[in-house]
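If you look up TrEMBL, you'll see 437-458 marked as region 'Disordered'. Residues or ranges marked as transmembrane segment in TrEMBL: 39-57, 69-88, 94-117, 137-160, 199-222, 289-311, 323-341, 347-365, 386-404, 410-429.
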Amino acid sequence: MERNLKNVLVISFGFLLLFTAYGGLQNLQSSLHSEEGLGVASLSVLYAALILSSMFLPPILIKKLGCKWTIAGSMCCYIAFSLGNFYASWYTLIPTSVILGLGGAPLWSAKCTYLTIAGNSYAEKAEKNGKDIINQYFGVFFLIFQSSGIWGNLISSLIFSQASTKVEISEENLACCGAYDCMTDTTNTTGPAEPSNSLIYTLLGIYTASGVLAVLLIAIFLDEIKSDQAETEKEILETPSFWSTFLATFQHLKDKRQCLLIPLTMYSGFEQGFLSGDYTKTYVTCALGIHYVGYVMICFSAVNSLCSLLFGKISQFTGRKLLFALATVTNTTCIIALLLWKPHPKQLAVFFIFSALWGLSDAIWQTQTNGLYGILFEKHKEAAFANYRLWESFGFVIAFGYSTKLQVYIKLYILLSVLVLSMVTYGAVEYLEAKSSPGTTPATKKENVEPLTQEAHM
């Protein structure tokens, strides 16, 4: 096997193992640790730390440690988060959330840098186009990585379904589920009995072992960057310099279009935060039980992956405006329906329909917003995508931050308001574009879309 392809597969399966654990654990935070809102508070802190990490750490760590050991070290930060869940308290979960957040940005940056260097290296030897090889490598990576959402959630549901005691949910308790929740710890009083500590520890043990295997896979089988590639690495890390990129991130806000895209970018964080923080707890766990969270999120992940591939292909025929309109209608319909619907165990299919529709719209938000940034700011990609990560992370922080303070119906109204504002400001961006360059739209660059789409999902 060609060595560069072997390294791509090692990274891909390393990320698959790591995010099988993290993805499943993130979706369970609001249900497992609902006391005083500890679970969602940890996620809010995590994304706040990610913002700081994105600004400062990646170029420093990659330059000092190299891509291989930056990836391995950052993966250890994710393992720390799994360990913090064994004895979840404000003194264990919050610090480990900070550690994970700080490790998140270097992990993804080192991965992107490594795959880029490997692609360019092989293209030079094979006398092929570097961008084509890099796109192939990222395609292999995401083909393998995308399935992590399925495996992590499947593991959690299979384990929690082993709970020996089941209880009937009373209509009184069901009244506390849904948009007009009772703002109490419903997960302990409704649905199938709360999973025992032994089941929780079994799940956390599997997740931790998966993370450890990921680190060992990278440490043992991933080749370090060769000396003849050092110049390529230096160019990627130092052009532009760290401080110029840092300053350019905020200078980029002078562009009207960037300011107008802030609501749309933050909405991406809001809607993902609502699904993993509120829908999983107040609808799924409350009415069905925690063992259904994994199955419902598998449905979301599967539809999201398929639609991401589909919409990435058909956008060249339909244009982004039609896809944004489809996502807006779908999300608006879901929000209004969630306001009116009272979840009930007898309506099992409805829980999956909502997650599937949410996956469809999220696929559009991710692929098309990334593509839009790549098209509008082609000459300032670094600053533009730094703003993308910054404002989406702020959306996550706010969504998780107020999760335990407001009733779900208020959060749904906020979500709907931000969506409407996003479409108004997005429309203004399209108007400015049409006014400045009528009839010319550059093709979406795949390399801008793919690496960053999943970074939004951590």
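Cβ atoms here come from the backbone N, Cα and C positions, even for glycine.
Sequence-distant contacts of the transmembrane segment (69-88) (same chain, six or more residues past either end, CB-CB distance under 8 Å): 11, 14, 18, 21-22, 25, 32-33, 38-39, 46, 61-62, 95-97, 99-100, 102-104, 106-107, 109-111, 114, 201, 204, 207-208, 211-212, 214-215, 218-219, 222. Spatially, the transmembrane segment (39-57) is adjacent to the transmembrane segment (386-404); three or more Cβ-Cβ distances between them are under 8 Å for residues at least 6 apart in sequence. Within the chain carrying the transmembrane segment (289-311), a Cβ under 8 angstroms from the stretch's Cβ atoms is held by residues 23-24, 27-28, 31-32, 146-147, 149-150, 152-161, 163, 187, 191-192, 194-195, 275-276, 280, 323, 351-352, 355-356, 358-360, 362-364, 366-368, 453, all 6 or more beyond its ends. Counted as Cβ pairs under 8 Å, contacts with the transmembrane segment (94-117) are highest for 137-160 among 137-160, 347-365, 410-429. Within the chain carrying the transmembrane segment (347-365), a Cβ under 8 angstroms from the stretch's Cβ atoms is held by residues 267-268, 271-272, 275, 279, 283-284, 287-288, 292, 295-297, 299-308, 310-311, 323-324, 326-327, 330-331, 333-334, 337-338, 341, all 6 or more beyond its ends.
Here the transmembrane segment (137-160) has Cβ contacts under 8 Å with residues 4-5, 8-9, 11-13, 15-16, 18-25, 27-28, 111, 115, 118-119, 195, 199, 202-203, 206-207, 289-295, 297-298, 300-302, 304-305, 447, 450-451, 454 of the same chain, all six or more residues outside its ends.
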